[in-house]
Amino acid sequence: MSQVLDARAGKITPEMEKVAADEKVDVEFVRAGVAEGTIVIPRNTNRKVLKPCGIGRGLRIKVNALIGTSSDRDDRQMEMRKIAAAEAAGCDSFMDLSTGGDIDEMRRLTLAHARVPVGSVPIYQAAIEAIEKRGSIVAMTPDDMFAAVEKQARDGIDFMAIHSALNFEILERLQASGRVTDIVSRGGAFLTGWMLHNQKENPLYEQFDRLLEILLKYDVTLSLGDAIRPGSTADSLDGAQLQGMIVAGELVRRAREAGVQVMVEGPGHVPLNHVETTMKLQKSLCGGAPYFILGTLATDVAPGYDHITAAIGGALAGTVGADFICYVTPAEHLGLPTEQDVKEGVIAARIAAHAADLARGNRQAWERDLQMARARVALDVEKQISLAIDQEKARSLLDGTGEDGVCAACGTNCAALVAARYFGMN
């Protein structure tokens, strides 16, 4: 049985109970959301997730971190340190995007070390192995693609980004209209090259039922990869992107009918005036499926600060519909991230998620902000630190900054102290 089929049968699973307790909502609310497809709980039947999370309507916005080796840097111990740094910073899930070294071993290490759900992009491994065995990505076979999905599912991957919502109709629209940045999704580029070279339809689209059978077998959550997400603000909301949303919506319905949990990925670089339209279109076209967004990067001109551009766009996107934010680090567009980059990316995404949760009326978010406000008025340093999104940084700045009962920033002229003294406010 899958989470979806259990939910439709009226059964409440241990994962649903954990999500409900964490979110402080009724477990029946979670069960109903899983049953109708507006909530997913990534969890492979071959893996015990110590900290499961629910993603979707009525729940807190979650944050995903990326790790993985590459041909330029195959340092598995560094990736383990990144996992520790990201979990300490409060991420809700990981995706292993490894393309270098022993990909199987890296995945198994990630699954063993991470306490949260772990995702992957199987087409990466299929493509790299095609290069190693046959000299070219376009030499992949459909069986190679599905074998990678099966192997990673068997190992315990909880959710997979799979670019099924890409077909020749979308590519023809893209070629006819043109783009500044064409295709920036790596998986999308691999498949596009394969399709155009071989003049064959995307197997992950054409044989979608075959894919669903594998995912259902292990209760892997399908994350419909956004193969043609905009790579620049100039390309946002073009015809190809909209056609991709329509196809994704059709596949969401088929996945739900098969009993497979499914969410949809987007959007990349999106100017702020396009964010609300993008979110509402996706929710409408995809039947309210959870929306998993990269960023959203609100401008193209801030290399070195793209964790900030992504937090700006991500906060707005979360406010109007996004459910799951994939972090962006300061190294985006510049190089491979360090452990510190990973931490800063998670913190920035968590700030965006929390700000959006406030705007959405999430009670836990509002209670946390209220407690922080009270702690500041009371000059309760320890309470302020415990409530901070980045507790380590808050402690480094607040510890030893002044006497007890004296504001660290304002001293004896603190507005809160003056107000309390003369107006009896506290």
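Backbone N, Cα and C atoms are what each Cβ position is placed from, and that goes for glycine too.
The secondary structure of R186 (substrate binding site), as reduced to three states from DSSP, is helical. Of all Cβ atoms in the shown protein chains, 17 besides its own fall within 10 Å of the Cβ of R186 (substrate binding site). Annotated substrate binding site per Swiss-Prot: M95, Y124, H163, S185, R186, G187, D226, A227, I228, R229, E265, F292, in sequence order, evidence recorded as similarity to another entry.
The Zn(2+) binding site feature in Swiss-Prot is assigned to H269, H333. Under DSSP, H269 (Zn(2+) binding site) is assigned to a strand (E or B) in the three-state scheme. Cβ neighbour count for H269 (Zn(2+) binding site) (all protein chains, 10 Å cutoff from its Cβ): 27.
What Swiss-Prot lists as [4Fe-4S] cluster binding site is C407, C410, C414, and the listing cites similarity to another entry. The DSSP secondary structure for C410 ([4Fe-4S] cluster binding site) is coil. Long-range C-beta contacts of C410 ([4Fe-4S] cluster binding site), restricted to its own chain and to partners at least six residues apart, with a cutoff below 8 Å, comprise L417.
Within the same chain, the residues at least 6 positions away from H163 (substrate binding site) whose Cβ sits under 8 Å from its Cβ are I123, S185, G187, G188, L191, N202, L204, L224, G225, D226, A227, listed in sequence order. Just so you know, the Cβ of C407 ([4Fe-4S] cluster binding site) picks up 16 other Cβ atoms within 10 Å once every protein chain is counted. Listed in sequence order, the residues of the same chain lying 6 or more apart from E265 (substrate binding site) and placing their CB within less than 8 Å of its CB are A161, S223, L224, G225, D226, R229, F292, I293, L294. The residues near the [4Fe-4S] cluster site, meaning same-chain residues not in C407, C410, C414 whose C-beta sits within 8 angstroms of the mean position of the site's C-beta atoms, are L379, V406, A408, A409, G411, T412, N413, A415, A416, L417, in sequence order. If you count neighbouring Cβ atoms within 10 Å for each of the binding-site residues M95, D226, C414, the highest count belongs to D226. There are 30 other Cβ atoms within 10 Å of the Cβ belonging to I228 (substrate binding site). Binding of substrate is attributed in the record to M95, Y124, H163, S185, R186, G187, D226, A227, I228, R229, E265, F292, and the widest Cα separation among these residues amounts to 19 Å.
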